[in-house]
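Novice: Questions regarding the structure given below will be posed in turn.
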Amino acid sequence: MGFFSKLRKGLEKTKKSFIQNIETVVRGYAKIDDEMYEDLEAVMLTSDIGVETTDYLLGKIREGVKSKEIRDGNDVVPYLEKCVVELLEENAEPMPDRTGTTEVIFIVGVNGVGKTTTIGKLAKYYTQQGKKVMLAAGDTFRAAASEQLTIWAERNDVPIVKHQEGADAAAVVFDATASAKARGIDVLLVDTAGRLHTKSNLMEELRKMARVAGRNIDGAPHETLLVLDATTGQNAVSQAKLFGDVVPLTGVVLTKLDGTAKGGIILSIKRELGVPVRWVGVGEGADDLRPFDAAQFADALFDKNVTQREQEED
Ligand SMILES: Nc1nc2c(ncn2[C@@H]2O[C@H](COP(=O)(O)OP(=O)(O)OP(=O)(O)O)[C@@H](O)[C@H]2O)c(=O)[nH]1
Ligand SMILES: [Mg+2]
């Protein structure tokens, strides 16, 4: 199965919990009234798009009613589809091109969201793009973390810099950045320990890692990607907000979109965290991560251009 097909299949539950529930609600209304807005609000809130994005979409529907684009309940869903596409586009931003320097990418997030797996997938993606990739085992906290990353390094045939368990993570970053620079590496992917914002020593460690990276390579880390597990919904977003206070985030990797009903979370990321969605993950395999493409995502969610998309995919 290609990426589009996996994404489409993965979003089936989200579609059900969001679009189809909305359809069920609005179908009953010949006339738009306050009761319908209340029902809509309830459905939206349970689909994990968040309070703010719910308010935004309800405001949009009110506008549509005023401008007569929505005349009865049946007009709501097609109108809402347009609004959702706009929100997806808001979350997309072109990836900056940093050819010519060693690009240092930090991967951060709470425990178990898919950081290390994402690094393995990114290593494959960038290698296929013809880039020289190196990994840094910056999770020195959890036992076996560096072994897990080493497996991904071997699979992708890329070098890895690691220290012993319990070593200073900033020292790993220092060595890795120096080595990457010396070897003319294009992309250095830095794994970090899963941490909660409440663990102040670990958050301080993250700050130190970022500081140290910048000593060896100008402007590093160039990207700090926050990994969010889509299955945790809005919970993930609120936990993650606090990472931005410690290290400036440049984007989000949304993982585990395969099979969750909470995929609607993607609509609220830019609004709540102020950063674009850069990558989406739809499985545990090395090919199950791609740059976020708003149009592709919308097609997968609304079952549009399916045949064409399926023909395009590898
Ligand atoms: N279904 C699915 N599983 C995923 C995806 N990404 C990661 N996983 C799985 O999620 C689990 C945790 O992944 P890790 O990469 O170890 O997560 P981590 O954030 O590095 O975890 P810690 O280092 O313990 O904080 C693994 O079983 C992965 O295979 C995805 O997109 N879809
Ligand atoms: Mg990990």
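Here, residue 1 is simply the first one shown, and the rest follow in order.
Quick reminder: no glycine exception, Cβ is built from N, Cα and C everywhere.
Per TrEMBL, the feature GTP binding site maps to 109-116, 191-195, 255-258. Annotation source TrEMBL lists domain 'Signal recognition particle SRP54 helical bundle' at 7-88. Residues or ranges marked as domain 'AAA+ ATPase' by TrEMBL: 101-259. As annotated by TrEMBL, domain 'SRP54-type proteins GTP-binding' applies to 102-303.
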Novice: Suppose we draw a 10 Å sphere around the Cβ of Gly109 (GTP binding site). How many other Cβ atoms does it contain, all chains included?
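Specialist: Excluding its own Cβ, Gly109 (GTP binding site) sees 25 Cβ atoms within 10 Å.
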Novice: Need the DSSP three-state call for Thr192 (GTP binding site) to compare against my parser.
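Specialist: The residue in question, Thr192 (GTP binding site), is strand (DSSP, three-state).
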Novice: Using a Cβ-Cβ cut-off under 8 angstroms and a sequence gap of six or more, which residues of the chain neighbour Arg195 (GTP binding site)?
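Specialist: The list for Arg195 (GTP binding site) reads Val110, Asn111, Leu202, Met203, Leu206, given in order along the sequence.
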Novice: For the domain 'Signal recognition particle SRP54 helical bundle' (7-88), give the DSSP counts of helix residues, strand residues and coil residues.
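Specialist: Helix (H, G, I), strand (E, B), coil: 65 helix, 0 strand, 17 coil.
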Novice: Can you list which of these binding-site residues (Gly112, Lys115, Thr192, Arg195) have a Cβ closer than 6 Å to ligand 2?
Specialist: Lys115
Novice: Determine the mean pLDDT over the domain 'AAA+ ATPase' (101-259), rounding to the nearest whole number.
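Specialist: A mean pLDDT of 94 is what the predicted model shows over the domain 'AAA+ ATPase' (101-259).
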Novice: Mind running the binding-site residues Gly112, Lys115, Arg195 against ligand 1 and keeping the ones whose CB falls under 6 Å of it?
Specialist: Gly112, Lys115
Novice: Other than its own, how many Cβ atoms are within 10 Å of the Cβ belonging to Lys115 (GTP binding site)?
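Specialist: Excluding its own Cβ, Lys115 (GTP binding site) sees 27 Cβ atoms within 10 Å.
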Novice: Would you mind pulling the DSSP three-state label for Gly112 (GTP binding site)?
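Specialist: The three-state answer is coil.
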Novice: Among all protein chains shown, how many Cβ atoms are found within 10 Å of the Cβ of Leu257 (GTP binding site), not counting that one?
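Specialist: A 10 Å sphere around the Cβ of Leu257 (GTP binding site) contains 25 other Cβ atoms.
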